Ligand SMILES: Nc1nc2c(ncn2[C@@H]2O[C@H](COP(=O)(O)OP(=O)(O)OP(=O)(O)O)[C@@H](O)[C@H]2O)c(=O)[nH]1
C-alpha cells in the first residue's frame, strides 16, 4: 500500500511544491491548510498509514508551532518547514520531538526534503544498536533514532550486544559509549571489528568532552566515526545518515558486481563465492549442472538480438521459480549453472529433467511472435568435493547432450 504524507501548510506555492515532491517520492500527499483541518482529516486515520508529516511552523490557527505538537502527539515522524528561521524558532522547533526542520529559503532545501523522505522510508528496515551503561542516555538516543523510523535495540553490556547482533542481521549501525559495563569500550570495538567488516556494520563511538583522546583511540580500534557528548542534534543525525549511506552505497556496488545485468540472476563471480562458502562444510552430497540454450544463435539471427535478450530473461525467470531452493547463476552468453547441495543423484536428475521439460513446454512470446526454446543439460551427481572438476565433468556431459540431439539431460 502506498504510504501517505500529511502536509499541513497554508502557502499556495509551498503546497504545490511539497505535493509534487511527495508524489515524486512515490508517496500519497494528504493536504490540510490549517491545524483544524488536519485534526479533522486525521481523525479517521491510523498513524501507520502515514510515513510522516510535513508541518509549517506558522499556520493561521497555530502561530507558535502548535501543529507540530499535534503531529508529534499523533505519533507521526514530523518534519517542520518554516519561512522564518531565527534562533528562537530554531530552539522552539528542536525542543519538540521532530525529525528535522527545513527553512524554506532556497530550492536546495527541497532537495534535502526529498532525501529525507527517502531516508524515512529506507530506515524502516534498518536496525541500530545503542550500547551504554546509563539507561537514560541510551533511551534518549534510541528515541531520537526511532523518530527517524530506525528499528532500535538497547543494552548495557558487551555480552548482551553480542547476543543482539547475532540475532538481528539487519543491524547496520552500533553506538558504543565509552561507558559499557563489562569491557573497556576500545577493546569491545576492536573485537566487534574483527567480527564485522567496516562496510557491513558502522560503529560510532560516543564519549564526553573530558575524554579528549578517546576519539582517536575509538577510531584506531575500528570505529567508523565518533560523536562527542553532549552532542549537537543536527551533527548527530548527519553522522548517522552519512554512515548508513556509506554502507548502503557499498551494498549497491556489491549487488551490481554480483548480478547479471540482463537477467538479474547472480553472475559467475557470485556463484563461486556462494558455492565456495558452502564447500567449507564439506557437503556429503552435491550435484552440479550446466544448461545451454539450443540454437540460440539462430534465435538471434531469425528474430533479432532483442528477442534473444527476452528469451534469456524469460528462461532465467523460469529457472528462478523452479530453483528457488538451490544456487543458480548465468555463467555468460546463453549458459546457466545450477548447484544442488544435499541432493541425492535421483533428486538432482528429477529436478533437472523437470527444468528441461518446463523450458520446452511454453514458447517465449516476443512482440506477438512465439519463439520455441529448448535447453541441453549436462549434470554431474558424483560428488568429488571439487567444484572446478565437477564443472569440467558437467561441461563434457553437456557436450554429449548437444551431440545426442539437444533438449535433454545427460548425467553420469
Ligand atoms: N541476444 C543475446 N545473444 C547473446 C548474448 N550472449 C551471447 N549471445 C549470442 O548467443 C549465441 C550463442 O551461439 P552458439 O554458441 O553458436 O550456440 P547455439 O546457437 O546456441 O548452438 P548450440 O549451443 O550448439 O545449440 C551467439 O550468437 C552470441 O552472440 C546476449 O546477452 N544476448
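Numbers here mean position along the shown chain, with the first residue as 1.
Cβ from N, Cα, C; glycine included.
Some features that TrEMBL has for this protein:
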DOMAIN    4-119  domain 'Response regulatory'
MOD_RES   56  4-aspartylphosphate
DOMAIN    127-244  domain 'Response regulatory'
MOD_RES   177  4-aspartylphosphate
DOMAIN    284-412  domain 'GGDEF'
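Long-range Cβ neighbours of residue 56 (4-aspartylphosphate) (same chain, at least 6 residues apart, Cβ-Cβ under 8 Å): 8, 9, 10, 11, 14, 67, 80, 81, 82. Residue 177 (4-aspartylphosphate) has a Cβ environment of 22 other Cβ atoms inside 10 Å. DSSP gives residue 56 (4-aspartylphosphate) a strand state. For the domain 'Response regulatory' (4-119), the DSSP-based tally of helix, strand and coil residues reads 53 helix, 28 strand, 35 coil.
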